[in-house]
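Annotated in TrEMBL:
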{"type": "TRANSMEM", "residues": "6-29", "note": "transmembrane segment"}
{"type": "TRANSMEM", "residues": "106-131", "note": "transmembrane segment"}
{"type": "DOMAIN", "residues": "223-260", "note": "domain 'PDZ'"}
{"type": "TRANSMEM", "residues": "366-399", "note": "transmembrane segment"}
{"type": "TRANSMEM", "residues": "411-430", "note": "transmembrane segment"}
Amino acid sequence: MSTILIKFVQLMLSFTILVLVHELGHYLLARLFRVRVDKFYIFFNPWFSLFKYKPKGSDTEWGIGWLPFGGYCKINGMIDESLDRSIEGTTPQPYEFRSKPAWQRFLIMVAGVVFNFLLAIVIYAGIIYTWGRDELPSARIENGMAFSPVAEYAGFRDGDIILATDGRPADILDAGFMRSVAQAESVQVRREGVDTTLLMPDDLMKRLLLDGRGLMYIRFPFVVGEVVPGKPAERAGLKAGDKLLAIEGRKVDEFRQARAEIHSRRGQVVPMTFERNGEVLDLSVPIDTAGQIGVLTEMDLSKLYQVDHHSYNLIEAVPAGVRLGVTTLKGYIGDMKYVFTPEGASQIGGFGSIGNLFPPVWDWRAFWSMTALLSVILSVMNLLPIPALDGGHIVFLLIEMITRRKMKEQWLIRAQLIGMFLLFALMIYANVKDLVRFL
C-alpha cells in the first residue's frame with residue numbers, strides 16, 4: 001500500500017469518527033429534549049447517497065453521503081446548512097427545534113463540540129492506558145538540536161542542548177514541546193558545556209509561521225537500524241546497532257552530516273569508524289553510485305536515548321487523559337491568536353496538509369494520537385462565531401437569551417448563506433495552497 005494511500009485511509013477513518021461523534025452529540029441532546037431529527041448523515045449527500053436507511057416507525061433517516069467534507073444532523077425546525085425554507089411562515093410544532101426554550105436549543109448546539117472534546121479525553125486516556133507514557137528530557141540529547149534560521153535569530157546555535165523553558169524541564173516527547181519553546185519568555189540551554197539563558201523575542205512565533213520551516217530538529221546519531229541484504233554495508237560487515245563515529249578520520253556527530261558526507265563520496269570505498277557494543281571498529285565501506293551504503297538508519301528515539309516509560313492502570317489513565325486533553329485544548333486556544341494574522345493565514349492548509357500529519361506507515365498509537373488532536377481542533381474551530389458553524393448558532397442563541405428576542409428566520413437564512421460562502425471560500429483557499437505546495 002503506497003504512502004499516500006495509507007495517509008488517505010487514516011485521514012478518512014479519523015474524519016469519519018470525528019464527524020460521527022460530533023453529530024451524535026447534536027442528535028442525543030435533540031432527542032433528549034424531544035426534538036425530531038429528520039436525517040443523520042456521515043459526509044454530505046448532494047443529489048444522491050451511498051447508503052440510507054429509515055427504520056420503520058422512526059422519524060430519522062440514517063445515511064452515508066459521498067462528499068467527505070463533514071456530515072450533518074438535520075434537526076426539524078432549525079435553520080441550518082440545508083437552507084430549508086419550508087418552515088417559513090408556519091406555526092412551530094412541539095417537536096421542532098424552534099419551539100424549544102433558548103437554553104435547550106443552546107445545549108443542543110453546544111453538544112457537538114462538547115462531545116468532540118470528550119472524545120479526545122477518552123482517546124488520550126485509552127492511549128495512556130494501552131501504551132503508557134514516555135518521557136525524554138531534552139537534556140539527554142547529547143548532540144543537541146539543529147536550528148532553523150528563525151531559531152538562530154532568537155539566539156539558538158546548532159548543538160545547543162535545551163534544558164528548560166521558563167524554568168520548567170523540557171520533555172522532547174511532549175506534544176507541546178515545540179510550542180513551549182517558541183512561546184517561552186526564556187529558554188535555558190547548555191552550549192559547549194556551559195549553561196546559559198536565552199531571552200526569546202516577542203515576534204518569534206510570527207516569524208516561524210512566516211518562514212514555514214519549523215524551529216529545530218534532533219541531531220540524532222547515525223545508528224544502523226537494519227542492514228539491507230546484498231548491499232555494500234553487508235559486504236563491509238556492518239550490523240544493526242553499529243554507531244558511526246567518523247568518516248576518513250573526520251568526526252561525525254549526527255545523521256544529516258553523515259548522510260551528506262557519504263553522498264559526497266559516492267562510488268568510492270571509504271574508511272569509516274563505528275562503535276559496536278563499546279568497541280571501536282575501523283571498516284572500509286563501499287558507497288554505491290547513488291551515494292548509498294545499504295542500511296536503514298535507526299529512528300526510534302527509545303533505542304537511541306534513555307527514555308523513561310510510565311505505565312498506568314485504568315484508574316490512573318482517566319485523570320491523566322483529562323489533563324492531557326485540557327493541556328492540548330489550552331495550547332490550541334493559545335495558538336488561535338495567530339490564525340487571524342497574515343503570518344498564520346500563510347500556513348493554512350487543506351485536506352492534503354491534514355493528511356500529511358498522519359504517519360506514512362500504519363501505527364495505531366500515532367493514528368489515535370492524531371485523531372485526539374484533530375478532535376480538539378474540531379471542537380475549537382466549530383466554536384468560531386461564523387454562521388453555518390455551531391459557534392454562529394450559539395452566538396445567535398446567546399443574543400436571544402440576553403435580549404429575550406428571537407432573530408427573524410429570514411435573517412438567520414441570510415446569515416447562514418454568508419457563513420457558508422465564507423467557509424467554502426476558506427476551503428478553496430486552503431486546498432489551493434496545498435496544491436501549490438505540492439507542485
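Cβ coordinates are placed from backbone N, Cα and C, and glycine is handled just like the others.
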Taking pairs 6 or more apart in sequence, does the count of Cβ pairs under 8 Å between the transmembrane segment (106-131) and the transmembrane segment (6-29) hit 3 or more? yes
Which sequence positions outside the domain 'PDZ' (223-260), separated from its termini by at least 6 residues, show Cβ-Cβ distances below 8 Å to it? 143, 146, 159, 270-277, 280-281, 283-288, 292-300, 303-304
Write out how many residues of the domain 'PDZ' (223-260) are helix, how many strand and how many coil, based on DSSP. 11 helix, 12 strand, 15 coil
Taking every residue in the domain 'PDZ' (223-260), the average pLDDT works out to 92
